[in-house]
Amino acid sequence: MAERGLEPSPAAVAALPPEVRAQLAELELELSEGDITQKGYEKKRSKLLSPYSPQTQETDSIGQKERNQTPAPTAAQTSAPSKYHRSRSGGARDERYRSDIHTEAVQAALAKHKEQKMALPMPTKRRSTFVQSPADACTPPDTSSASEDEGSLRRQAALSAALQQSLQNAESWINRSIQGSSTSSSASSTLSHGEVKGTSGSLADVFANTRIENVSAPPDVTATTSSSSSSLRPANIDLPPSGIVKGMHKGSNRSSLMDTADGVPVNSRVSTKIQQLLNTLKRPKRPPLKEFFVDDSEEIVEGIPQPDPNQPKPEGRQMTPVKGEPLGVICNWPPALESALQRWGSTQAKCPCLTGLDVTGKPVYTLTYGKLWSRSLKLAYTLLNKLGTKNEPVLKPGDRVALVYPNNDPVMFMVAFYGCLLAEVIPVPIEVPLTRKDAGGQQIGFLLGSCGIALALTSEICLKGLPKTQNGEIVQFKGWPRLKWVVTDSKYLSKPPKDWQPHISPAGTEPAYIEYKTSKEGSVMGVTVSRLAMLSQCQALSQACNYSEGETVVNVLDFKKDAGLWHGMFANVMNKMHTISVPYSVMKTCPLSWVQRVHAHKAKVALVKCRDLHWAMMAHRDQRDVSLSSLRMLIVTDGANPWSVSSCDAFLSLFQSHGLKPEAICPCATSAEAMTVAIRRPGVPGAPLPGRAILSMNGLSYGVIRVNTEDKNSALTVQDVGHVMPGGMMCIVKPDGLPQLCRTDEIGEICVSSRTGGMMYFGLAGVTKNTFEVIPVTSSGSPVGDVPFIRSGLLGFVGPGSLVFVVGKMDGLLMVSGRRHNADDIVATGLAVESIKTVYRGRIAVFSVSVFYDERIVVVAEQRPDASEEDSFQWMSRVLQAIDSIHQVGVYCLALVPANTLPKTPLGGIHISQTKQLFLEGSLHPCNILMCPHTCVTNLPKPRQKQPGVGPASVMVGNLVAGKRIAQAAGRDLGQIEENDLVRKHQFLAEILQWRAQATPDHVLFMLLNAKGTTVCTASCLQLHKRAERIASVLGDKGHLNAGDNVVLLYPPGIELIAAFYGCLYAGCIPVTVRPPHAQNLTATLPTVRMVVDVSKAACVLTTQTLMRLLKSREAAAAVDVKTWPAIIDTDDLPRKRLPQLYKPPTPEMLAYLDFSVSTTGMLTGVKMSHSAVNALCRAIKLQCELYSSRQIAICLDPYCGLGFALWCLCSVYSGHQSVLIPPMELENNLFLWLATVNQYKIRDTFCSYSVMELCTKGLGNQVEVLKTRGINLSCIRTCVVVAEERPRVSLQQSFSKLFKDIGLSPRAVSTTFGSRVNVAICLQGTSGPDPTTVYVDLKSLRHDRVRLVERGAPQSLLLSESGKILPGVKVVIVNPETKGPVGDSHLGEIWVNSPHTASGYYTIYDSETLQADHFNTRLSFGDAAQTLWARTGYLGFVRRTELTAATGERHDALYVVGALDETLELRGLRYHPIDIETSVSRVHRSIAECAVFTWTNLLVVVVELCGSEQEALDLVPLVTNVVLEEHYLIVGVVVVVDPGVVPINSRGEKQRMHLRDSFLADQLDPIYVAYNM
């Protein structure tokens, strides 16, 4: 430890009595827990050890006090750490925020929190995502990692403490992660325990920390194709959840707090975490300022919550402007600053003006007044006369030029600056650009452009160091105008002729120079300073600081701007003083250099920041014999920072013994606009020092000054920054709204009126008026005088004795829920939480982002490379608690990023606005993140209370009274359609095939294509009939099957499947088509096959030889029981034998086939299709699409269920048209296949699935030109129909249409079908009738189960498209699912359907009896005299009568599908459709490939697939949380980031969210990161 005297060795510790060792261990534990401060720890520890240790050799009490402070990053230090660098805190403190008082306050607040501490769930992270920042990649601010022996001592201590039966800190072991060496997700993530009971549990945990876990990786459910390295998604698979089919419906209780997670044992890691999260969320929240927004009908009251009635209010009288002392008239003050230079340069040429230091801190060059004058003259002459031609000079007086000089070259800068003044051109000093894309560089470019700068002055050395292109030219910096670079070294300058003299006029309001200033948003503005203001500033400073000729000033500040420029470049020339400039680079290698310079030169004045005080304290033991007795002023220029007081105190206490006088410390406040706002005058020796203000943080947050009387932890101690400048006037105005004068006890923005401030923002008239021309008004609104004031951007008040106090900056103001917090205060609180080994102290940023109608606080810090996950998480949790305790404000997001990755300002600070921008655009790349939306977001609308519904009869009467029709619609009436088709006389499809085999034996019905687009198989009517006969014969002979037996057909998409289907019909068996298992992913796909075989009670399986081998393979045995398959018959080589007689069903109501499908909620359902339904279905499709023998259609979708199956296997046989079959998986090998086929055969009607459409849109998006060169033209397409059982994906359809419009695709061609389990084809666009219509509906209304139509572009609007036309013979009605009464036109309800091709019932629903028969035949509760039997589709939608004319000549009724009822999420009393939330999430970051949401115990879980690098995983967490909150008013509970392809998608392209949910809860996703939002 630093300054612990002699550290006992491990051996010595071992020799101590056991009770002392135990007490030591307990102390260590208390310190690590934050129960005692570092000071208290040291005290108790030395007391314990004193009887056992030899007398310590040095007792440096002051050193003890500053023990925790170590200097900032240095390359040199790392090589030779001196002993005082070894410090327990392991961190250089950013001394701006150093305050022992505050640190103790924070520790006390945390201790209070600890009594009620909750176990927060720690995020789960895949090993590869841990921050691996190479040690050499970052410059650690110190070298103080604790020594090895100390580490081992700590471990012993922890163990022995655990053995103590007095376990006060049981919760310290909670959440300790067992970090294994295995890379599997289980090992790398965290095991969370509940509260530990008793010692044994605790010990187990301690030892768990030292154990290595080896857990085998869980089976990979997701990698389905060996070709998954391609950009395509792995082969789509139907996955019912966790091996058995679950029905999870609204009826079953899904919200019990700790249900068994659907077959997942509750003690799974994920559920433990979620339980912890729920416990955390159950804590009472601080009541929001106004309980909630009220949800008036629809509208949220979109505003900040109302102010708290009990908040403190200002009570003082209105302040009066405060005047500074008059500016003295000194007869020999020059009429302009340039005149002063001329005077000293010609009369006192040998006097030193400026000394520059080399890297080691030694003086390297002294510029005399004579040299400054002569070189400035040469430069002025060169600029005006030598850059262009005589007739066309490049520069004229009044032009702006950029000054680009490094911070270690004050001499060249000074010559350039004064050269410009003498030439009457306007210098604009900027930082040296380091790379083409510096942080904030683009904004500097904007400034240069707006100032019209075409010329940059620089030194030869600097020019050589600028980044160059390959051919040696200076790179074009991002956003910069083209610049001509001029080198100002003496050898390149021309000597002016004897008769040439610069034009020096008395100072007026013409611009002298422009100083850049970065605003809170990151924009850079140029503050223009006039020659008069420059002169007046020098006069005011000279008077306030009592400057006299020949004094020496040590300047540690940036000499290019602010106080460093005014004191070190202007006031020194005015008063013929000598400035010694100490650059930042010297301070980094030798922190004491400025103190040494003061000592060596007997300097009277030093210009520093708190940082410099701190660094000097760190290094002061290097040099005992320095004296600061010569200093009459130590000007602390960031005295305006509220945290400067403790730096000044600490520095004084350390250096008073070195001659520093207490009255020499002079804090001042400055701003770019108002220049010096106030400065403490040098005091009289022995006079009492000014008092401090101890203010209540809570009062400050309401903008009032209250002496702190409450909890001392939440006090802010501020020192004054002296009095108003000579000749100036100051007032305090309200920070927002009109510039109204504040009351005396109110905090406001400091405004200054004087000639010494800036005059405008260059080229920005609008902003200038609001800042530089402010006329304050009284409370009644009348102006106070006519003198304009300048806003300083500083917040503060004028205290007793006209002393000025500053409590913050406008730029650092965070307005949260109507209260103001200062970013610096929050940084200070964060750093006061002992960061042990977690973060770098100087690298922390606090800003606010606007989310959901309020500002939210974000804290970002750089994490040390050696910080463990555990330490980081502990630190983060405690920072949250500390800020909550002290500032009474929640932190929305706390992020840690790898060392050295935050954007830097030129002097090494953090570029806040750039950091905020990176955060908002998702490119900050955090390595740890903690979001707390649950605590911060208190302005959500109240959850909806369901009102007692109006009865169905009243609804109907209400609709009639209002003149609204009931929401119903119908396709054409089948009875009226005259058909002279021979097909009508056949009732069964098998008969139609036989008839076709006789009537048109050679007519080809089917063509199957392969990936190359060549025909691999065709089937004419006769061929298909013969093949079916042979299969029927095999079923009888080999299978010994009887009529009515169920047969599973397991075939790849093709003609074999069709033949097997008709073979079953010929044999009287009931076919069940099933997607074959995927050879590369049997574990995921085979159980589904097995389940269908079991559920359908199949007597036999028909398949190919290849698949038969697969079903019986060893790999299959690992997934299912292969011994109990029913008979498996392969149909590759069939005997030439046929049945003596083909089966004919006795009635058309007999079962034709079973249609099995896994729904998106993971439920396997089989529906029964009768022969009459099959006939009616085929007839409706034939009529709608005008299908007959001479037509050809192309089909590219999966043939296993629903309408896809009907189109693939049934329709061609019924209508006689030719179907060109394209198996969708062939597209993975050849993306062009489908479109090329359509083009080759000039097909007019084609059917596909969303998967196919998405594949083509994504895969061919940038290949349209290739399609053109291949001669592909899609103008032949009349209808391109997507077969779906969901809400139409309008954006995908539009992308597809837009993309292929260039190759002839008609924008009217693309449409969609709609079907459900009860009726596979309800809507299909067809060839006639109006185009599908679209409407925009309000999302907020939809959540309330209402439809409100809005205009395009309305906020929160959703575009819905009609799902094609209702098929002939189909009637739909929209029904309230609860009352079962019909609803009115344009009202939301469940879609009920009546049609001859509705399925006749569920075959069996495995594991869910909630879907009873009433799904298929139910009646309206009211208003249907005909007592029609309806089938419930389970989908929400609405019918809207349009102005268009239908084929029947009546007005067209459009059906809009909103989504499946059993997929909806009920959250906060509202109904959400997952797809709406997913759409928002997918838009939020370019690296989100796919996304799915589900709920678990009322928490919203969002799973996103990351298609970028794993570094980006944590960027997604805040973006996802923000967008769901903004657009859906929901707080995300858990964000899971996974690899591409993890979200399971079925053959129809639908996400299987319930399967994903089960995998998540069973911890099978191997996530990259799981974030639990607090």
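Using N, Cα and C of the backbone, Cβ positions are placed for all residues, glycine too.
Looking up the ranges 217-244, 301-328 in Swiss-Prot, the one annotated as region 'Disordered' turns out to be 217-244. Looking up Ser32, Ser202, Ser1297, Ser1357 in Swiss-Prot shows the phosphoserine annotation sitting on Ser202. According to Swiss-Prot, of the residues Ser87, Ser152, Ser186, Ser252, Ser152 is the one noted as phosphoserine. Swiss-Prot records phosphoserine for one of Ser99, Ser494, Ser868, namely Ser99. Cβ environment of Ser50 (phosphoserine): no same-chain residue six or more positions apart lies under 8 Å away.
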